[in-house]
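Beneath this line is the structure, given in structure tokens, with notes to follow.
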């Protein structure tokens, strides 16, 4: 086995272990934020939505800067610093008793993510061969789902005692992850050339096809982020207990572990990436529409099931398509900018979703936020269809089996 092949194989295992620690650290804390501050402390959902939206916007909106800096100086220092910063954000969240302190803790957490997320994504593109990326992204998603359940279970159990224990556990996991990267991650360059920060950003901004694709995905993310805000609140409201939230993530884990990899393997040889992305988005949009009209957990979990199936179809295709469109001379910058759609869509989804949820309750129209999200999903579906039909991505990147 050549040294390059050996490095790729070792890199895969490193990426999987690193990803599991990050997912556990994140899901121990974030699914419980809305329950802690809305249900237990009585804050308005929009206050928590602002905090979650701020974290999302800071982490993803500034990702191009984190990616460009990583292109210049390498992945390791950015990843280690970012993970320590997120740990500090979680520690601060544990003592948050006013909205401004929660917002500040989410700002720190988001800034940490800005530093570590783009270089971690770029490492996947660097280490995984193009023909293997779709399946590897599917493996990461399966791991994300399992980690989400374990993290949510652990966080729900700790929440019975003290929210500070929840935040401390998340902080410790990110400190461990920082030490893991500091110890084992080689000082790899992310791009084929050591691109200056401005040059990497300029290269991305001049790629109109990529920019249009990323911005169009904002609507997709408005739906996707509700697994962290409105869906946990809805489950808690109907069940009457925050313990029921863990079953929502258990559904995701079961579907991902049983369906994600087989669907990716089967569809990669039969359907183009953009068709898989659009099909998943359509299923997600249809499942959102009736959620506000359900009256029991069985109906709600059935719709959540459909939503997750749509995500299982769409997510590997979206990740693979974003990676395929990245210029090898500025991988960090491209993967950083690819998060801008999540920044915009996530911020609007959290803040707008929280506001619509409060408004729906005030007007006695609980279906209002869900109907709006479904409509946004359909508009995004049409926008993606127009983009793919008028601005064709090179066939070698999109065709089945590519």
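Heads up, the Cβ atoms here are built off N, Cα and C, so glycines get one too.
As the structure is a computational prediction, the values presented were derived from the model and not from experiment.
Taking the topological domains listed in Swiss-Prot, residue 202 lies on the same side of the membrane as residue 333. Matching 193-213, 340-360 against Swiss-Prot, the residues noted as transmembrane segment span 340-360. Swiss-Prot lists transmembrane segment at one of the ranges 99-116, 117-134, namely 99-116. Among the ranges 76-96, 139-159, the one that Swiss-Prot lists as transmembrane segment is 139-159. By the Cβ criterion (distance under 8 Å, sequence gap of 6 or more), the transmembrane segment (368-388) is not counted as touching the transmembrane segment (13-33), fewer than 3 such pairs being found. Contact between the transmembrane segment (244-264) and the transmembrane segment (340-360) is not supported: fewer than 3 Cβ pairs lie under 8 Å, counting only residues 6 or more apart in sequence. Note on the topological domain 'Cytoplasmic' (265-276): its mean pLDDT in the predicted model is 82. If you count C-beta pairs under 8 angstroms between the transmembrane segment (277-297) and each of 139-159, 214-234, 340-360, the highest count goes to 214-234.
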